[in-house]
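See below for the structure under consideration.
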Amino acid sequence: MDSAVSDPHNGSTEAGGPANVTTRPPSTPEGIALAYGSLLLMALLPIFFGSLRSVRCARGKNASDMPETITSRDAARFPIIASCTLLGLYLFFKIFSQEYINLLLSMYFFVLGILALSHTISPFMNKFFPANFPNRQYQLLFTQGSGENKEEIVNYEFDTKDLVCLGLSSIVGVWYLLRKHWIANNLFGLAFSLNGVELLHLNNVSTGCILLGGLFIYDVFWVFGTNVMVTVAKSFEAPIKLVFPQDLLEKGLEADNFAMLGLGDIVIPGIFIALLLRFDISLKKNTHTYFYTSFAAYIFGLGLTISIMHIFKHAQPALLYLVPACIGFPILVALAKGEVTEMFSYESSAEILPHTPRLTHFPTVSGSPASLADSMQQKLAGPRRRRPQNPSTIYEESNPKDPTAVTESKDATEASASKKQEKKEK
């Protein structure tokens, strides 16, 4: 995860070049404003649409689109894992050739980017397919082991429309692989961000506070305490950041003086904002108060980050400003509305959705599978009204296996019938 980074020295020498070589022309105020405004807009798009899609993802039935739930233990370990990964990448760039590392990473992100972009554009592309489009269903299944020990590794369901989206995404992938163009980089970066917000779900608000609090310390340390994060961000030629040129107005699409924003500063607050949207829906008040509050808090925090970065001409840890805003604003609203308890007791993973039946208890039935199925249906259907029965029938049902009971019941029935006949004759 990278922080928001801008080239702090407009007019400085090219990275790695001698001091007496041609320098970059200073960016105009218009170009800088365009770059920062574009970064802000690009950060908001995956958060907004990813949050909406996270609600549909939680309600979905497709196994390939099931969200990955982050627990409090995962949240506590994540800053440590991220620190080890960041430091490992930094050492790799210092020890080994940067070209070979970036070539290997480019191939890796080439495959991931195509899959992410295909998943992103699939809902939009479905609207353009004609009704008579021949759409066939496919399933990609990889298993490990055999028999009772068989375990699913990959279970992905797709159709012909998804294959068309995959082909279109491959064109962008080849463009990125050959040219490393900043537009192709941003298309992949936006796809990664949207998929992250959609498919990564926090299980509750407390977990979100643990995750954001830990990464707050992580971001501040690696940006202000060392040059590790800035070095990796500028050396890492992969779509893990959104970039926009500050000299676009002067050089057009071939501009090369970039402001950049790490995807972590989009996805991490984004999954917390998506959690608050699902919390809004669980309240069933037809309002999205906490979602809009946290969304406005993100705009405020990122705008503050960009402003301070521009004033001090130094890379800023975006989470230093985003975390207090995204956590503080919704909690203040919850305090004002008296819903703090409801907010912190909400469990996203425990939602019972309308179309998802849940069996709260399991019947203990011995016998054939058919009898087990019948018993489960009776349990789920609930108690039914019984038709009124005469005493003899009830007695027969209460003792179905006692032959003497059946005989006694028949004798009683015959005696009753003979008495009625005698009364009629009299």
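Cβ atoms here come from the backbone N, Cα and C positions, even for glycine.
The annotation region 'Disordered' is assigned in TrEMBL to 1-25 (among others).
The transmembrane segment annotation in TrEMBL covers 33-55 (among others).
The annotation transmembrane segment is assigned in TrEMBL to 75-93 (among others). Remote same-chain residues near the transmembrane segment (75-93) are listed as 1, 101, 202, 207-208, 210-211, 214-215, 217-218, 222, 228-229, 231-232, 235-236, 264 (criterion: CB distance under 8 Å, separation of at least six residues from the stretch ends).
Taken from TrEMBL, the feature transmembrane segment applies to 100-121 (among others).
Under the heading transmembrane segment, TrEMBL lists 199-224 (among others). Sequence-distant contacts of the transmembrane segment (199-224), counting only residues of its own chain at least 6 positions beyond either end whose CB sits under 8 Å from a CB of the stretch, comprise 1, 3, 54, 57-58, 65, 67-72, 74-76, 78-79, 82-83, 86, 230, 264, 267-269, 271-272, 274-276, 279, 315-320, 323, 326-327, 343-349.
The transmembrane segment annotation in TrEMBL covers 258-277 (among others).
Counting same-chain residues at least six beyond the ends of the transmembrane segment (289-312), those with a Cβ under 8 angstroms from any Cβ of the stretch are 4-6, 32, 36, 39-40, 43-44, 47-48, 51, 265, 269, 272-273, 276-277, 279-280, 318, 320-326, 328-330, 333-334, 337, 343. Here TrEMBL flags 289-312 (among others) as transmembrane segment.
Annotation comment: TrEMBL describes 318-336 (among others) as transmembrane segment.
Sequence annotations record features per position, and here TrEMBL assigns compositional bias 'Polar residues' to 364-378.
The region 'Disordered' annotation in TrEMBL covers 364-426 (among others).
If you look up TrEMBL, you'll see 408-426 marked as compositional bias 'Basic and acidic residues'.
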Intrachain residues whose Cβ lies under 8 Å of the transmembrane segment (318-336), provided they are six or more past its termini:
3-4, 208-209, 212-213, 215-216, 218-220, 261-262, 264-265, 268-269, 272-273, 276, 289-290, 293-294, 296-298, 300-302, 304-305, 308, 342-343
